[in-house]
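Take a look at the structure set out below.
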Ligand SMILES: CC(=O)N[C@H]1[C@@H](OP(=O)(O)OP(=O)(O)OC[C@H]2O[C@@H](n3ccc(=O)[nH]c3=O)[C@H](O)[C@@H]2O)O[C@H](CO)[C@@H](O)[C@@H]1O[C@H](C)C(=O)N[C@@H](C)C(=O)N[C@H](CCC(=O)O)C(=O)O
Ligand SMILES: Nc1ncnc2c1ncn2[C@@H]1O[C@H](COP(=O)(O)OP(=O)(O)OP(=O)(O)O)[C@@H](O)[C@H]1O
């Protein structure tokens, strides 16, 4: 019997990497070496991931300092430790060398890039950022790159995939050493393009450093993550940093929202003129897109470039927002692969649009049943919830029933706004738990319901989530639509008491089986 080994996208073959002298590495990151010489190949941020010879990147975290695990990393065979003055307290009696720098996060990517033999220099990286649509656009990018003959790896909220191998994701954009490890795996699998979903947290925490993207795209910006960024301005500037020439060669920006327009103006003012703009609402832009609604909830997307090149393609994915995501992905591939952003390769545009675009993205508009229609979707902020409910309303014959909640320990300011959108746009809402994390769930639900004042007859509070999903599905009439938002593809519920398996799709299917 052969045991199948699970694919670990963050564990490239270390034997295929050259050794790096610790003194050279220290010099490159401006660190001082404590202990004798030594050498490393590869890098990890978790002691439990050490296989032998890696640099253990010991960063301070929100809960613990990584250096606390340095001795264990050494016992597992780590070649050296990278840490900071605060971490040194844990490094006494260590029998491997340590590189000490003032701030580990700011050099972790660079150190890991060197330890993995600079994998990103051997591939083209594509990045997508924005509040909504990142995951979907990265899937579309990967699909379209394939259409023009380029295999790519993909790392984002749902999965980390290289070729046909895939592993579930635990975070949207991995920590810098993991991203470099993922790039090394990509290179070792002979894949030359890497598509990255770039979160604002990642940009703020230096997780994509020192990656230089071949092409990046901006979807949109609306309220989210203000618990971390504080203000919309700060959130915007963090996202905007991906579009500087220090970080990316080519940039595509949707300018239909005020933040996209600001991004374009900001780049223009800074003397960066080569970026490409895209509008789907008739605003002045390099690329114009027009979305025509077709029967069945699908769309036809017509694109016209600044040089007169035109294409049209059917997007067989529900919702105009998916046509917008497809437009961004198409323009990114044409922009990224053409000789220059202003000298387009018409063959690429033709190849990309010759066949309809149809792609299932796990937990995004995932259709579980036609009658009643039951959809699981990842919408978990005000804008995506509004866009989703507006979209579903068009094709709902009966009532639009919504199962929703908000996440614990995440941007409490958006909770009443989510409640208000639900109250205004759904016919009936089952207010339940989102991802609880380490917060008391009834308080989260109360925050959501604070936005539903005056609509008391249009919602009910039901917890736990499984019960709310079941109740909505059993209440639904055949002509109704049940939309279950907030967790999409996620399969683990985090609570203060621990974690347990909870997949909305599994719960919904079980409930559907109880309808006679
Ligand atoms: C706030 C934040 O970003 N936290 C991340 C951070 O956790 P932490 O600071 O609590 O880490 P910690 O437990 O204190 O540990 C400190 C260090 O010790 C190491 N360690 C820890 C324990 C151990 O046994 N051994 C060990 O080596 C850890 O790897 C870490 O380097 O380091 C962890 C290990 O990499 C991450 O999993 C964790 O992300 C958590 C899961 C998270 O939810 N992050 C969110 C805020 C996030 O980054 N979200 C964005 C945006 C998503 C979106 O757009 O919606 C994302 O990119 O996912
Ligand atoms: N372009 C868009 N504009 C607004 N809403 C969108 C757009 N694309 C998708 N959505 C909605 O947002 C939800 C999440 O989409 P997706 O996962 O692609 O975005 P994301 O930016 O990756 O989200 P997250 O950052 O939370 O991972 C979808 O399920 C859909 O309801």
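We number each residue from 1, going along the chain as drawn.
Using the three backbone atoms N, Cα and C, a Cβ is placed for every residue, glycine included.
Taken from TrEMBL, the feature domain 'Mur ligase N-terminal catalytic' applies to 42-105.
The domain 'Mur ligase central' annotation in TrEMBL covers 128-332.
In the three-state DSSP assignment, the secondary structure recorded for residue 132 (ATP binding site) is coil. Per TrEMBL, ATP binding site is recorded for 130, 131, 132, 133, 134, 135, 136.
Annotated N6-carboxylysine per TrEMBL: 239, in sequence order. DSSP assigns residue 239 (N6-carboxylysine) to a helix in the three-state reduction. Spatially close to residue 239 (N6-carboxylysine) yet at least six residues away along the chain are 129, 130, 200, 203, 218, 221, 259, 263, judged by Cβ distances under 8 angstroms.
According to TrEMBL, the domain 'Mur ligase C-terminal' annotation covers 363-488. Helix, strand and coil content of the domain 'Mur ligase C-terminal' (363-488), in residues and according to DSSP, is 54 helix, 27 strand, 45 coil.
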Q. Mind checking how the domain 'Mur ligase N-terminal catalytic' (42-105) divides into helix, strand and coil residues in DSSP?
A. 21 helix, 14 strand, 29 coil
Q) Relative to the Cβ of residue 132 (ATP binding site), which residues of the same chain, six or more apart in sequence, are found under 8 Å away? A) 219, 220, 222, 321, 379, 381, 383, 384, 387
Q. When the pLDDT values for the domain 'Mur ligase central' (128-332) are averaged, what is the result?
A. 95
Q) Inside 8 A of the center formed by the CB atoms of 130, 131, 132, 133, 134, 135, 136, which other residues of the chain have their CB, for the recorded ATP site? A) 128, 137, 219, 220, 325, 384
